[in-house]
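Colleague: Taken from Swiss-Prot, the feature compositional bias 'Basic and acidic residues' covers 128-139. Per Swiss-Prot, the feature domain 'Fibronectin type-III' maps to 1-64; the stated evidence is sequence analysis. The N-linked glycosylation site annotation in Swiss-Prot covers Asn22, Asn46, and the record cites sequence analysis as its basis. Annotated region 'Disordered' per Swiss-Prot: 127-149, 173-216, in sequence order. What Swiss-Prot lists as topological domain 'Extracellular' is 1-73, and the listing cites sequence analysis. The topological domain 'Cytoplasmic' annotation in Swiss-Prot covers 95-216. Here Swiss-Prot flags 74-94 as transmembrane segment.
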Amino acid sequence: EFFIHYLRKDGPDKWEKSEKVNSTQSFYTLHGLQPGSQYRLKIDFNNTKWEQEIQTAGARVMEVKSGFVTESWFIGLISALVLLLLVLLILCFIKRSKGGKYSVKEKEEGQIDSEARPMNNEAFGEYRSLESDNEEKRTASQPSLCEDSKLCTDDGLDDYANSNSVQTEVIMDESLASQSSGVRDVPDAETQESSPLNPATAISHHGLPNSAALLD
C-alpha cells in the first residue's frame, strides 16, 4: 500500500495526499482535483520515488480568494457604521424640523415688526411734515401780520393825531369865540372891574373865561 501526494501549482503551497492505494489495483481515480488546473503528483513506495505533472480536463473554475471583506468582524463593523449613520440622520431631521418651526415663527414676527415699524416711521414723518408745514405757514404769516399790524398802528396813530388836532382846533375855536363874545357883551363898569385886568374879581362860568384882555 502507498499514498499519492499531489500539489496544485497555482494554488496554496501545500501538499495533499490521497487515501491508501492497493498496489494490486490496475488504476486509481484521484478525487478532489479542480478542472483545468495543473498538479504535481508524487509517489513514495519501497524506496521508489515517482513524480509527474498533469493537467486536469474541463474548464477552469475561477475561484474567489477569501480576504478581510468576507470576514465576520469586517461585516459587523460595516453594519455598526451604517446603523450609527442612520441614527445621526434621524437626529438631524428632527432638529431641522424643530428649527424650521422656530425660524418660521421668528420670520413671521420679524415681518410683523417690519410692517409696523415703517407705518410708525411714516406716521411720525407725516406728523413732522405737518408740524414743519404749520411752522412755515406761521413764520410766513407772522411778517405779514406784523406788517399789517404796523400799518394799522401807523394808520391808527395818524387818525388819532388828526382827531386830536381837530378836537383841539374845535376847542380853541370855541374858546376864542366865547372870549370874543364876552368882550363885546361888557355893558358897564362892574363888568370891567371883574375883567382880567382885575384878577381878584374875575368870575368864570363853567370853567371858561368870560373875557380876554390883550396885554402889551
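Even glycines carry a Cβ here, placed using N, Cα and C.
Explain the structural surroundings of these features, please.
Modeller: For Asn22 (N-linked glycosylation site), the same-chain residues that are 6 or more apart in sequence and have a Cβ closer than 8 Å to its Cβ are Glu1. Look at Asn22 (N-linked glycosylation site): DSSP puts it in coil.
Taken residue by residue with DSSP, Asn46 (N-linked glycosylation site) is part of neither helix nor strand, so it is coil. Residue density at Asn46 (N-linked glycosylation site): 6 other Cβ atoms are found within 10 A of its Cβ, drawing on all protein chains shown.
Note: the topological domain 'Extracellular' (1-73) comprises 5 helix, 25 strand, 43 coil (DSSP; helix = H, G, I, strand = E, B).
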